[in-house]
Amino acid sequence: MATPMVEDTSSFEEDQLASMSTEDITRATRLLDNEIRILKEDAQRTNLECDSYKEKIKENQEKIKLNKQLPYLVGNIVEILEMNPEDDAEEDGANIDLDSQRKGKCVVLKTSTRQTIFLPVVGLVDPDSLKPGDLVGVNKDSYLILDTLPSEYDSRVKAMEVDEKPTEDYNDIGGLEKQIQELVEAIVLPMTHKERFEKLGVRPPKGVLLYGPPGTGKTLMARACAAQTNATFLKLAGPQLVQMFIGDGAKLVRDAFQLAKEKAPCIIFIDEIDAIGTKRFDSEVSGDREVQRTMLELLNQLDGFSSDERIKVIAATNRADILDPALMRSGRLDRKIEFPHPTEEARARILQIHSRKMNVHPDVNFEELARSTDDFNGAQLKAVCVEAGMLALRRDATEVNHEDFNEGIIQVQAKKKASLNYYA
């Protein structure tokens, strides 16, 4: 469609040129030459301006480089203000205050030398990207903000982040299929398939409490959960949060959740939560009150105004009976998963899991061994496999036979306390 129109235009121009006299064509040529000359002069002037601007930019970058020399003075943003000077304010030309005439954002900051400073000119950082509480690097002399610094966290909190993912798998856990399913539904699915919950209009649980006797696989389950998800994993221990100084434990909890927000999605695993989550009581001892303050900070982080649904909490304890009711209520640790002693079938599966890398004789009957290990937990069954291997090593055997496992059961049974009642 476009080709005939171009042909029509060119034929029209040819007809127009044919009808023009020689003088008209000469005049039109001169006009075009003048236009070309003017355009060339404009292009030359623009190139010169461009070169001068490049030179100025280079000079300014050199000045910025000189001003940005380390070390910086560290400061905190206290407040961000909007400056709107009145348009009708008239001042004498000799006494114009340029700072008062500026429009835009100004900053009040507090430096590490305990000085509070008002900055009408922010510096080299975009003012819209700043917010109160940000850590910034400022020039030692002019106090202009030169760079934003990463958030400050307690070094103990940074050490809680698990850098190397655990190698455990759900296949390493025997006899806890129901518990695995409940944990995956509450923690893993909301992170990997969030849209399924949104379709149903269901809010997933914020936290999970794993409880049961020692040695039943609570920590192992949390490690397997960390290995199966791509989320950041923070591991806290309850006794770690009990600190000597007042407010130190609460600050650790606050910093841990703040770090989790920055690295979201994130799973926070609190082992032995009964160290800080016991029922509240009247006490004259300041240490008890400090533990209660730490627990109150944990409650606030779980469902306070600043709670984040991308952060999931897994807590583990073997004393669920002494935990504070406020910690156990729905909306905080919504789902409670019990880890009982393994059944006979589960014991056989656990023995097979722990002996799968061992050179075991084909005649070993794991079902019979499971019947002989009544009231054994997962950790004790692992100890049985270790003892059986040590006995085979002692007699210079190349395979672990059924008698070695029986002897291992007897040895673990002898070391085990007569009563398995861990609660007073």
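First residue shown is number 1, and so on along the chain.
Note that Cβ sites are derived from N, Cα and C of the backbone, with glycine treated the same way.
The ATP binding site annotation in Swiss-Prot covers G212, P213, P214, G215, T216, G217, K218, T219, and the record cites sequence analysis as its basis.
Per Swiss-Prot, ubiquitin cross-link is recorded for K235 (among others). There are 20 other Cβ atoms within 10 Å of the Cβ belonging to K235 (ubiquitin cross-link).
Positions annotated as ubiquitin cross-link by Swiss-Prot: K279 (among others). Using a 10 Å radius centred on the Cβ of K279 (ubiquitin cross-link) and all shown protein chains, the other Cβ atoms total 13. The DSSP secondary structure for K279 (ubiquitin cross-link) is coil.
Summarising the annotation, Swiss-Prot assigns ubiquitin cross-link to K416 (among others) and lists experimental evidence as the type of evidence.
Look at Swiss-Prot and you will find A2 tagged as N-acetylalanine, backed by a large-scale study or a structure entry.
Here Swiss-Prot flags S19 as phosphoserine, drawing on similarity to another entry. Annotation note: S19 (phosphoserine) sits in a helical segment as assigned by DSSP. Around the Cβ of S19 (phosphoserine), 8 further Cβ atoms fall within 10 Å across all displayed protein chains.
For T278 (O-acetylthreonine), the Cβ neighbour count at a 10 Å cut-off comes to 18, with all displayed protein chains included. Residues or ranges marked as O-acetylthreonine in Swiss-Prot: T278.
Marked as region 'Disordered' by Swiss-Prot: 1-21.
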Nearest of the recorded positions (S19, K235, T278, K279) to P213 (ATP binding site), judged by Cα-Cα distance:
T278
Measure from the Cα of G212 (ATP binding site) to the Cα of every one of the recorded positions S19, K235, T278, K279, then give the nearest.
T278
Give me the long-range Cβ neighbours of K218 (ATP binding site): same chain, 6+ apart, Cβ under 8 Å, in sequence order.
L210, Y211, G212, A316, N318, F339
For the C-alpha pair, I'd like the distance in angstrom between P214 (ATP binding site) and T278 (O-acetylthreonine), rounded off.
18
